[in-house]
Amino acid sequence: MSDTTQKRIGIIGGSGVYDIEGLANTRWEKVESSFGEPSDELLFGELNGLELVFLPRHGRGHRIPPSEINFCANIDALKRVGVTDILSVSAVGSLREDLTPGTFVIVDQFVDRTFARTKSFFGNGLVAHVSVAKPVCSRLGDHIQAAAQAAGIKTVRGGTYLVMEGPQFSTLAESELYRQWGCDVIGMTNMPEAKLAREAEICYATVAMVTDYDCWHPSHDAVTVDEIVKVLLANADNARTLVKQAVPAIGADACADDCACRRALQHAVMTAPAVRDPALVEKLSAVAGRVLASQP
Ligand SMILES: CSC[C@H]1O[C@H](OP(=O)(O)O)[C@H](O)[C@@H]1O
Ligand SMILES: Nc1ncnc2[nH]cnc12
């Protein structure tokens, strides 16, 4: 067991979460990424002496729809400022009767049905294949679960999040199909975010807040943003409490260096050094610098 790397926790805020209150020494700062424009400036601040970085996924004021989010730039920017662990907060629809609106789900699997997004940092001239068999960091999941228990917040550990392209909500036939597949919640944003965090060797976990029952539910003819926002606002305090309780424990975790997420690229790069595209290697200096530097 070791703990040699300086930790910096990143929070990606989803719908309804555009800011984090209660941080000390805050500043919003533009961070350049070689993959384009992140969703917004990053908010730097301290919580109990620990440095945090916050990024609103849709930008402040919710300007960016799911398919237009530059997930590569977001993860690359967080990596560039030294983020080692990401807590994502997301609104989701429920595909199960017992996952009532207001419940928090610590997601552990995804079915990725998105089709109009860049899904990898790698590509022509530098090919890599990482494992996403276990797409979230269970160590972070443990901390979130413990924080929820301590705060008395109703949380379910484990669940499969169906990621749809959007921006429209699902049809009834789709919603019923996803239920038959055994999916538990539905949203539009956590992929490719989780895959890219894995490629960047950043530990990633998501807290999914159930805001509605999606359209399959007999009491839920259609999903509406009105209703989602109402539930989001009613539960925003719980989301903030959960994050604030989990962060100190993540910061103090002596096992972080042993996490497999942090070595995801160790045996992932396929392209022979001699034929690598130097421009792509340079572009990947933050995301893959650790392995590319040791494989000249
Ligand atoms: C506001 S309803 C739909 C919107 O909310 C979720 O986003 P996020 O994960 O960023 O909270 C969902 O995926 C949609 O993008
Ligand atoms: N029912 C739903 N479908 C997709 N994304 C959502 N985000 C919140 N509720 C959702």
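Glycine residues also receive a Cβ, built from the backbone N, Cα and C atoms like all the rest.
Note that TrEMBL annotation is computational and uncurated.
Binding site for phosphate per TrEMBL: SER15, ARG57, HIS58, SER90, ALA91, plus THR189 from the candidate set THR155, THR160, THR171, THR189.
Annotation note: THR189 (phosphate binding site) sits in a coil segment as assigned by DSSP. Listed binding-site residues: HIS58, THR189, TYR213. Those with a CB atom under 6 Å from ligand 2: none. Checked against ligand 1, the binding-site residues THR189, TYR213, ASP214 give THR189 in sequence order as having a Cβ less than 6 Å away from one of its atoms.
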